[in-house]
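**Q** Questions regarding the structure given below will be posed in turn.
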Amino acid sequence: MSIVRMTDLALSGKRVLIRQDLNVPIDQGRITSEQRIIASLPTIRVALERGAAVMVTSHLGRPKEGVWSEEDSLAPVAKRLSQLLGIEVPLRRDWVDGVQVAPGQLVLLENCRMNVGEAENDEALARKYAALCDVFVMDAFGTAHRAQASTHGVICCAAIAAGGPLLMAELDALSRGLEHPVKPLLAIVGGSKVSTKLELLSNLVNNVEQLITGGGIANTFLAAAGYSIGKSLYEGDLIETAREIITAAKARGAEIPLPTDVVVAKQFLPGVTATVKTVDAIVADDLILDIGPQTARHYAALIETAATVVWNGPVGVFEFDAFSKGTEVLARAVAASSAFSIAGGGDTLAAIDKYGVADQISYISTGGGAFLEFLEGKTLPAVAALQARSG
């Protein structure tokens, strides 16, 4: 991917503005998950070690533009960065018109979404951001799908614009998994609705050899194949779309394997009785809440034969133990596989954490919406802007 990399630049004495994704959950001033802060540290350390005057900004929450809000302030992030880096990290509240920072120093610039014009990618604001630095570094993959002043406009205006190590690692992994995958490529797509992942399914079916579905998505595909699904979650208005996706897969020799057995209950509640049934034995008041053991074994065998695996979404209601076995079997199969594996999406990350397999997945994307849009085959605005500047 043709993008100027921060690690290839001479940064000594340069003013470097880094856009990170430090949008961490905060409860009563306490950071409850510092994963994104930890992920940002290598980029910051490289810039400091190379003698740059480093400025970092990020969004946090959804503040009203032009209004400072303590609830959405990066103050807790500045404090935690100071502790992790072992240096003072001052927080600058009013920074758009200029920042004092010396080589070897780091300042955190207050929540960029508080700046008027940020969300609509205002050119005047983007130019002010660009004027702050000699080098702008985009390192926030999680916001690369948003064309905003700090993620897109400034890339177009800055003297030099580069991709940071975190962003480039994400793009390199996604490119390896989707744009230039070693075949066979298998994708797992779970979730409640076909409608939210329709573009994803339509794009993947043109690239994969196997497309495993789970959750409400699988129920819609079962209904499209003529099976009764009782009162299970599905989308009746997308049955024809599901049939078209199945037809498209068959036309290029790909397969969308359907469950042969499922785990059902009469109510969607923890502690209810779970029953394994074949898919042709579903009755009117059944709720399908997981794939069955026979299906899980079959899917695990398919994963074992894949050279590349892309995973987005669980295949059952894994939050309830009675309906978690399918997702667990697949998670462990992906972990045990010799394939290059990429996983992303909030529920997927929660499943990976639950089963303790994070260190056995080749790459775990923290990108959320950006990860999904990349899987859909969309061009991410920040990435497109960086590519345009590389020429």
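Using N, Cα and C of the backbone, Cβ positions are placed for all residues, glycine too.
So Swiss-Prot says this about it:
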type    : residues                                                               : note
BINDING : Asp21, Leu22, Asn23, Arg36, His59, Leu60, Gly61, Arg62, Arg113, Arg146 : substrate binding site
BINDING : Lys197, Glu319, Gly345, Gly346, Asp347, Thr348                         : ATP binding site
**Q** Just to confirm: which same-chain residues, 6+ apart in sequence, have a Cβ under 8 Å from the Cβ of Gly61 (substrate binding site)?
**A** Asn23, Glu71, Asp72, Asn111, Arg113
**Q** Using only the Cα atoms of Asp21, Leu22, Asn23, Arg36, His59, Leu60, Gly61, Arg62, Arg113, Arg146, which the record gives as binding substrate, return the largest interatomic distance in Å, rounded to a whole number.
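**A** If we measure all Cα pairs in Asp21, Leu22, Asn23, Arg36, His59, Leu60, Gly61, Arg62, Arg113, Arg146, the largest is 18 Å.
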**Q** Among Asp21, Glu319, Asp347, all listed as binding-site residues, which has the most CB atoms within 10 Å of its CB?
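**A** For the binding-site residues Asp21, Glu319, Asp347, the Cβ with the most other Cβ atoms within 10 Å is Asp21.
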**Q** Enter the number of other CB atoms within 10 angstroms of the CB of His59 (substrate binding site).
**A** 27
**Q** Helix, strand or coil: which one is Gly61 (substrate binding site) in, per DSSP?
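**A** DSSP assigns Gly61 (substrate binding site) to coil.
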**Q** Let me know the most crowded of the binding-site residues, choosing from Gly345, Gly346 and counting other Cβ atoms within 10 Å.
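**A** When each Cβ's neighbours within 10 Å are tallied, Gly345 tops the list.
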**Q** Cα of Gly346 (ATP binding site) to Cα of His59 (substrate binding site): how many Å, rounded?
**A** 19
**Q** When a 10 Å sphere is centred on the Cβ of Lys197 (ATP binding site), how many other Cβ atoms does it contain?
**A** 24
**Q** Could you state the whole-number distance in Å separating the C-alpha atoms of Glu319 (ATP binding site) and Asp21 (substrate binding site)?
**A** 27
**Q** For Lys197 (ATP binding site), just give me the three-state DSSP call.
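**A** Going by the DSSP assignment, Lys197 (ATP binding site) falls within a helical segment, counted as helix.
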**Q** Taking the Cα atoms as reference points, how far is Asp21 (substrate binding site) from Gly345 (ATP binding site) in Å?
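**A** With the alpha carbons as reference points, the distance is 16 Å.
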**Q** Within 10 Å of the Cβ of Thr348 (ATP binding site), how many other Cβ atoms can be counted across all chains shown?
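**A** For Thr348 (ATP binding site), the 10 Å Cβ neighbour count is 23.
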**Q** Counting across all protein chains present, how many other Cβ atoms fall within 10 Å of the Cβ of Arg113 (substrate binding site)?
**A** 22
